[in-house]
Amino acid sequence: MTLSFTTHWRDELPDFYTSLSPTPLDNARLIWRNAPLAQQLGVPDALFAPESGAGVWGGEALLPGMSPLAQVYSGHQFGAWAGQLGDGRGILLGEQQLADGRRYDWHLKGAGLTPYSRMGDGRAVLRSTIRESLASEAMHALGIPTTRALAMVTSDTPVYRERVEPGAMLMRVAESHVRFGHFEHFYYRREPQKVQQLADYVIRHHWPQLQDEADKYLLWFRDIVMRTAQTIASWQTVGFAHGVMNTDNMSILGLTIDYGPYGFLDDFQPDFICNHSDYQGRYSFENQPAVGLWNLQRLAQSLSPFISAEALNAALDEYQHALLTAYGQRMRDKLGLFSQQKGDNDLLDGLFALMIREKSDYTRTFRLLSHSEQLSAASPLRDEFIDRAAFDSWFAGYRARLRDEQVDDAQRQQRMQGVNPALVLRNWLAQRAIEQAEAGDMGELERLHAALADPFTDREDDYVRRPPDWGKRLEVSCSS
């Protein structure tokens, strides 16, 4: 099969990029490929063959139709205007056109210096590349909108961070890499016509159903608000903390993008901060919904030259309701509740209060709860709590609520076990795979990827056990 690549961004937005080719790594070699995604995209096996070398995956070759470029954008970082940013180490190689009309960017991360590298070296390290590959595929398996990882190479190129690490590249695939920061860039340069040009481009290619609407810009922005609310509600439901929700890391399509110092909750701590560079806790787990709105407000400001302030504010006012509605439905699913009743929030808050007090594991708590039976006062979750009396009191109220549902255990458990994962990507699991990969053993990386692709199946291995003490103390930062 021949892959088809288009150049819409290059052809339609000439002021939004710089043309350049990747800078290959020393002795680059393919260490992982996403076989299911490759099949979905029609990528021939020959491109992954050992005799092909690193090829396109290592920036050593381009496929027919590719025309590489680095995109320019700006953004707010940790609440402050950061000015021009852009693809500092990533290069958009091309836009793959599928037969069904869908189009996917092929974006090579760690591809070398670009005009937007600022003080960086244009490289990515094996550690962060593995973390992104694992996280994006884990989130996809959980049903959360995300960029995807197609292939990964390591190399003999030394990259200097807190320590010397091997350089690596990741082929990231997404329907679009347009960020809030793309619009901010030209707004702050006082070029509103280019902001509108980009809006027209995005609507034309990603919201074509809106093109003939009189108020297409407002309808488009409202959908961005809804997508952002839905995605962040999903994060909160599975206990995912992004860690660096700058406006340049916010996808216009509502995708989870730019996996850096992320983390999944171990103990349930609403104020969990996964990024040790986030000294003020701006991007803590519990702050993510509010930050999402703040970022949307920055996007709204950039769109103000052609959408009225009144209309933008009305759309922004829909965010909280959309997020709370989505979150509430997902949490009722996690509790096995098929209907909505007035006391449901109190029931959930009561469980959360217990979990905070006992430092209960977020993922294990809900997974074990999904095995509980309505008619039994015993629950596999009970042994997780020291204060059994407090748990018994909460569980009695929960069982009473289940009796109102008139749904049998099998049906309820099936729903709960389909939304409460047995396995999430804990940082200690990623770290173990990284350490073995840095030593030349890719076996654990492959095993972990395979496990994360099936997160809702009960397991007996150590992927689902409580994290070791050292695993809870792991520090991750923006260094990658």
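Using the three backbone atoms N, Cα and C, a Cβ is placed for every residue, glycine included.
Worth saying up front: this structure is predicted, and the values here are computed from it rather than measured.
Residues or ranges marked as active site, proton acceptor by Swiss-Prot on the basis of sequence analysis: Asp248. Here Swiss-Prot flags Gly86, Gly88, Arg89, Lys109, Asp121, Gly122, Arg172, Arg179, Asp258 as ATP binding site. Taken from Swiss-Prot, the feature Mg(2+) binding site covers Asn249, Asp258, and the record attributes it to sequence analysis.
Taking the binding-site residues Arg89, Arg172 in turn and counting surrounding C-beta atoms within 10 angstroms, the largest count is reached at Arg172. Of the residues the record lists as binding ATP, namely Gly86, Gly88, Arg89, Lys109, Asp121, Gly122, Arg172, Arg179, Asp258, the two whose Cα atoms sit farthest apart are 22 Å from each other. Here Asp248 (active site, proton acceptor) is positioned 8 angstrom away from Gly86 (ATP binding site), judged by their C-alpha atoms. The distance from the Cα of Arg89 (ATP binding site) to the Cα of the residue listed as 'active site, proton acceptor' comes to 14 Å. Nearest Cα neighbour of Asp248 (active site, proton acceptor) among the listed binding-site residues (Asp121, Arg172, Asp258): Asp258. The DSSP secondary structure for Arg172 (ATP binding site) is strand. Its Cβ placed at the centre, Asn249 (Mg(2+) binding site) has 22 other Cβ atoms within 10 Å. For Asp121 (ATP binding site), the count of additional Cβ atoms within 10 Å of its Cβ stands at 15 [all protein chains shown].
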